[in-house]
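Asks: Take a look at this one; I'll ask things after.
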Amino acid sequence: MESDKAHFLSNAGFHNTWQRFQGRELESIFRILTMSCPFHFDIVHHSLYLSVLGHDEHCHMSPILTVCLVVWYSITMVLGLVGNVGLICIIARRREKVNVTSIFICNLSFSDILVCVFCLPFTVIYTLMDHWVFGSLLCRLVPFIQCVSVTVSVLSLVFIALERHQLIINPAGWKPSIPQAYIGVVLIWILTPLQNSPLACLEHWPSQQHRLAYTTWLLLFQYCGPLLLVLLCYIRVFVRLRHRKDMLDRARTLENQRLTHSRRINIMLVALITAFALCWLPLTIFNVVSDWNQEALPICHHNLLFSLCHLLAMSSTCINPIIYGFLNSNFRQEVRDVLLHCRCRQVEEECEHFPMSTVHMEMSRTSVPLNCRSNSV
C-alpha cells in the first residue's frame, strides 16, 4: 500500500491509481473525488484530494497564513451578506422604479447570499480544522449549492446583457417586460439545479473521458459561453452608443442627456461582469489544470494555491454591491435616505424617552421631523 501511494505521489494520476487500489473505502473516496465543477474544485473535494495525496503528512500552512485566510473569508462573508441584503432591500424600497435590470440584479444578489450563508461558513471552519467535519449530506450539498449559485449569477448577467442589448440596439422592437423578467428568474432556478444535479450525487463515471466530457461541458456552459455572449452584446451596445454620440455632439438636447445616462448604466453593468469574470478566472484555470493535468499542481503548495483562487472567487459576492453603490447615484441617494431616516428616528426616540422638560420635549418632537425633511431634499 505504501509503495502504491508513493507511486501515486510521484507520477500517477487518479485513473491509474484507481486500478491499483481495490478497497471499498478508497473506492468511495475516489467516487467523491470525481465530482467536479469548472467553477468549484470545492472545499470538500479539495480536502479529500489532499488526504489521498498524503498532503497532511508532508505539508501544512503556517498558522499566520491560516489566520489570514480565515479573517479574509470572514470579512468576505460579512461584507457579502450586508451588501447584498442591503442592495435587495433598497431596490425593494423603490418598487415604483423596479425594472428588468433591477430584478436580475436582485437575483444575482440572492445567489451571492446563498454562497455567504451555505458555503463560506463551512470554508472558514474547514480552513481552521483542516478536515471536513460536517458529514456526508453537507459534503454533497455544499458543492451543489456553490455551482447552482454561480450558474444563477452567470445566467442573470446574461439576461441583463440581453435586455440592455435590446434596449439600445432595437428600442422599437421586443424588449422583456417585468412579468417576463420574473418568468426568466423562475426558469433560471428550475433549470440550474437540474443542470448541476450530478453534483448532488456521488458520481461514478464509466471512464475518465466521460468525466472530462461533463466538466468540459460545464466549463463551456457556465463560464466561457455566457461571458462570450455578454461580451458580444456589450460590444454592439458600445458601438451603437458611440455612433449616437457622434450624431448628437453638435446639439445638447434631452436625447443627449438620456444617452449619457444610458452609457453610465452600461459602464456599471460591464464593471459587474468584468469583476465577476476576473474573480472566477484563477479558480477556473486551477480547475482546468486539475482536470486535465493534475500532476502539474505542486503538492505542497496545492493547499495555498487552491485557497487563494477559491477566496478570490468568493470575493465576487461582496464586489457587486460595491460596484453598484459607487456607480449608481440613485443607490447612493437611497443609502443616504435610509441612514438619515434611522438617525432621525434614533434622535426622536432619545428625545421622547429622556425629556429634560416638557418644553424641551415638545420642541424636539416638532423640530426633528423638520430637520429630516429639509436634509432629505
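Just so it is clear, glycine is given a Cβ too, placed from its N, Cα and C backbone atoms.
Take a look at what TrEMBL says about it:
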type: TRANSMEM; residues: 70-92; note: transmembrane segment
type: DOMAIN; residues: 83-324; note: domain 'G-protein coupled receptors family 1 profile'
type: TRANSMEM; residues: 104-129; note: transmembrane segment
type: TRANSMEM; residues: 141-162; note: transmembrane segment
type: TRANSMEM; residues: 212-235; note: transmembrane segment
type: TRANSMEM; residues: 265-285; note: transmembrane segment
type: TRANSMEM; residues: 305-327; note: transmembrane segment
Asks: Considering pairs 6 or more residues apart, do the transmembrane segment (104-129) and the transmembrane segment (212-235) have at least three CB pairs under 8 Å?
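Replies: They do not touch: fewer than three Cβ pairs between the two stretches lie under 8 Å.
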Asks: Taking pairs 6 or more apart in sequence, does the count of Cβ pairs under 8 Å between the transmembrane segment (141-162) and the transmembrane segment (212-235) hit 3 or more?
Replies: yes
Asks: With Cβ-Cβ distances below 8 Å as the criterion, list the same-chain residues six or more beyond the ends of the transmembrane segment (265-285) that contact it, or say none.
Replies: 38-41, 101, 108, 150, 153-154, 157, 160-161, 164, 168, 219, 223, 227, 230, 234, 237-238, 241, 308-310, 312-313, 315-316, 319-320, 323-324, 327-328
